[in-house]
């Protein structure tokens with residue numbers, strides 16, 4: 001299995017969503033290898049398929065004043081927050097590689113971070129298999145997961161709190177869970193972490209867990225791939 005990894009740095013949510021949709025079409029047509037987008041978003045709130053507006057705790061007017069947009073999206077899950085200091089990942093993967101088993105795919109996503117946190121930082125993280133998706137440390141969520149699958153190709157993905165401003169989660173009831181908190185790598189270690197270093201580690205552990213040979217490609221490389229494939233399809 002080959003895996004393209006593209007770190008896009010800071011990207012507006014709607015731009016990232018549009019990019020996912022373009023890549024999804026190419027992956028469905030088998031004109032693109034499995035691709036993992038890693039990036040950050042400016043502060044934004046998204047509502048998944050099971051989400052409720054009542055889990056956003058501040059008014060639309062206040063959000064507008066703060067410049068925080070809200071998007072209703074097709075991923076699984078409830079309400080979540082994205083913002084600077086958080087690694088957001090969008091795997092555009094063919095589920096045929098995991099036997100078209102969605103639960104297995106989510107399990108593997110969780111495994112990436114459980115292994116990364118233990119091996120690289122000595123943090124004992126775990127999954128809550130009986131109730132909730134995601135990766136947890138001491139009862140608090142450090143990685144949120146919510147995917148969508150169309151034609152057996154994945155979209156959306158995960159949000160890993162690295163140096164995230166956790167106060168922003170007070171704007172919402174994260175994932176609709178009133179009795180659970182959130183944490184970050186910075187909070188657990190007691191200091192900020194070199195962000196780009198963690199980005200590389202995420203890619204490395206994706207390669208390990210999914211048995212993939214990964215390579216980093218630039219934003220320009222990705223745009224060129226899309227351009228060439230689109231031009232070919234129009235001929």
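One-based numbering along the chain as shown.
Using the three backbone atoms N, Cα and C, a Cβ is placed for every residue, glycine included.
The feature active site, acyl-thioester intermediate is assigned by Swiss-Prot to 175.
Neighbour count (other Cβ atoms within 10 Å of the Cβ, all protein chains): 24 for residue 146 (substrate binding site). According to Swiss-Prot, the feature substrate binding site maps to 75, 76, 77, 78, 79, 80, 81, 82, 144, 145, 146, 157, 158, 159.
Per Swiss-Prot, the feature domain 'BPL/LPL catalytic' maps to 30-214.
A strand conformation is recorded for residue 141 (site 'Lowers pKa of active site Cys') in the three-state DSSP classification. In this view, residue 141 (site 'Lowers pKa of active site Cys') is surrounded by 25 other Cβ atoms within 10 Å of its Cβ, with every protein chain counted. Under the heading site 'Lowers pKa of active site Cys', Swiss-Prot lists 141, citing sequence analysis as support.
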Quick one: what's DSSP say for residue 77 (substrate binding site), helix, strand or coil?
coil
For residue 158 (substrate binding site), nearby residues of its own chain (Cβ under 8 Å, 6 or more apart in sequence):
88, 89, 109, 113, 143, 144, 145, 146
